[in-house]
Amino acid sequence: MPLSDFVLALKDNPYFGAGFGLVGVGTALALARKGAQLGLVAFRRHYMITLEVPARDRSYAWLLSWLTRHSTRTQHLSVETTYLQHESGRISTKFEFVPSPGNHFIWYQGKWIRVERSREMQMIDLQTGTPWESVTFTALGTDRKVFFNILEEARELALQQEEGKTVMYTAVGSEWRPFGYPRRRRPLNSVVLEQGVTERIVRDIREFIDNPKWYIDRGIPYRRGYLLYGPPGCGKSSFITALAGELQHSICLLSLTDSSLSDDRLNHLLSVAPQQSLVLLEDVDAAFLSRDLAAENPIKYQGLGRLTFSGLLNALDGVASTEARIVFMTTNHIDRLDPALIRPGRVDMKEYVGHCSRWQLTQMFQRFYPGQATSLAENFADRVLQATTQISPAQVQGYFMLYKNDPAGAIQNAESLRR
């Protein structure tokens, strides 16, 4: 059969015509779909702008807070609960709603912005055990200014929430994370230490903060270490908290007794501590004892953690130690500390914070009962010291709480503090 006749036969065949038509339609649809995909990709690439913020970024928490303010109409929410136990023992909780994982749309500065909060269930943060998260902003146009404005606004909102408050950080894995909500700043004069102690520390630390060039010009490492020692309940930690508020610094809490703390992790944490922060190492005597005691009974004093004493010394002032850092250490037993730990260079200033003196008792009475005559405050101090000379500010404060509005009763029953 000639080729022309074969072609005519196929043309006249209805089954072939229908099949060819289906193939043509399918091919056209496939090409249209592929073209639409390529067109969408090209449109997103040239006419849309995207910003992805991973959960590890500092601005992630700011942006979630910002989204809570700007997505009040969203119906898909997640809850973040904060549990806080106050020093008085009272327990309070705070609930904050944030947009849940998924897509959300907000109207901002004349633009619709698509916000996608994604959660990767296959990827888990090994430090917290939570799924890996990120938030992605998508907007029409190519101007990045809208994202800068969002980040600036989120940052300002975070600063407003922290204004007048002290931010606490705790070590989680290899990074510092905020510990609860910022706490209201405690006035420095609310912690009454022995006369002159507060003034000496504040004067020294302000001189250190204000003169970085002096250290640099002389080749002296720009870091400062302080040790507060004395009986428990005398105000060491309270003073550091109040001092941080006075300096408008945050506090980084680090426990040396943490069994997961190693030499490398300690060195890394000290090197990445937030700027304008005080690093607080509480009860260092509980983490390390004098090497003389360890030599007497090595089994008894064998450490349970991975942190070594030499690792701590190197982190404080070794070759790899960081600068522009302020470290506070506290201890109830300075005699248990190795001399190498508290030598100059690692501890530049030591202050004893002990039991109440007559001056302290007088000042505390006048602070709790403003407007009362100085003679009444001195009478109270004399009666307390006649009963006992070993009384801490924490005990006195607890005693005043029993006589909130009764200074006469506080004086009359001052002898009960001996119990």
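Quick reminder: no glycine exception, Cβ is built from N, Cα and C everywhere.
Here Swiss-Prot flags Gly230, Pro231, Pro232, Gly233, Cys234, Gly235, Lys236, Ser237 as ATP binding site. Swiss-Prot lists Tyr181 with the feature phosphotyrosine. Sequence annotations record features per position, and here Swiss-Prot assigns topological domain 'Mitochondrial intermembrane' to 1-15 based on sequence analysis. The annotation topological domain 'Mitochondrial matrix' is assigned in Swiss-Prot to 33-419. Positions annotated as transmembrane segment by Swiss-Prot: 16-32.
Structure coloured by features recorded in Swiss-Prot.
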| residue | record | contacts (Cβ under 8 Å, 6+ apart) |
| --- | --- | --- |
| Gly230 | ATP binding site | Lys236, Asn332, Tyr352, Val353, Gly354 |
| Pro231 | ATP binding site | Asn332, Gly354, His355, Ser392 |
| Pro232 | ATP binding site | Asn332, Ser392 |
| Gly233 | ATP binding site | Ser392, Pro393, Ala394, Gln395 |
| Cys234 | ATP binding site | Val353, Gly354, His355, Ser392, Pro393, Ala394 |
| Gly235 | ATP binding site | Val191, Val192, Leu193, Val353, Pro393, Ala394 |
| Ser237 | ATP binding site | Leu280, Glu282, Thr330 |
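Lys236 (ATP binding site): 26 other CB atoms within 10 A of its CB, across all protein chains. Just so you know, the Cβ of the residue listed as 'phosphotyrosine' picks up 15 other Cβ atoms within 10 Å once every protein chain is counted. Confidence over the topological domain 'Mitochondrial matrix' (33-419), given as mean pLDDT on the 0 to 100 scale, stands at 83. Those residues of the chain, other than Gly230, Pro231, Pro232, Gly233, Cys234, Gly235, Lys236, Ser237, with a C-beta within 8 angstroms of the mean position of the ATP site C-beta atoms are Leu228, Thr330, Asn332, Val353, Ser392, Pro393, Ala394.
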